[in-house]
């Protein structure tokens, strides 16, 4: 019997030492406040419980905020994609309108050239082109004004009617 009570006592001592070590670690983790020198095990455990609840609440709030930011990011990506597609469509539409008006003006010029006309070869026509960068323009000397908005450059140049005929051939 003596041996059995010795084993129980040693086991109890080890458990108590382990508990004391855990409480010391808990003191380092949990903010104790101004009365740090006077604390009881119950007070430390109560503060630890409160501290854990605060951390869980903060984690819940941060998770909710993160989910909201992810939803907003997905929405903004879809919106950017829609705007990019809309911009590309309007750019294609503008270019096709410019080219169709150039073609129709060439047809009307061709029909006018058969009849005597007051239009001479030195008459100028405004041409507006949209490019992704300003360096894309072939003839920098013909550029009279250039403006840029959000990475899209718009250049305006003047061409004579004979230059337009040459461009149509190309």
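Every residue gets a Cβ built from N, Cα and C, even glycine.
Please treat TrEMBL annotations as automatic predictions, because they have not gone through curation.
For the ranges 52-86, 122-156, the feature annotated in TrEMBL as coiled coil maps to 52-86. Looking just at the coiled coil (52-86), the mean pLDDT is 97. Taking DSSP states H, G and I as helix and E and B as strand, the domain 'BHLH' (3-55) has 42 helix, 0 strand, 11 coil.
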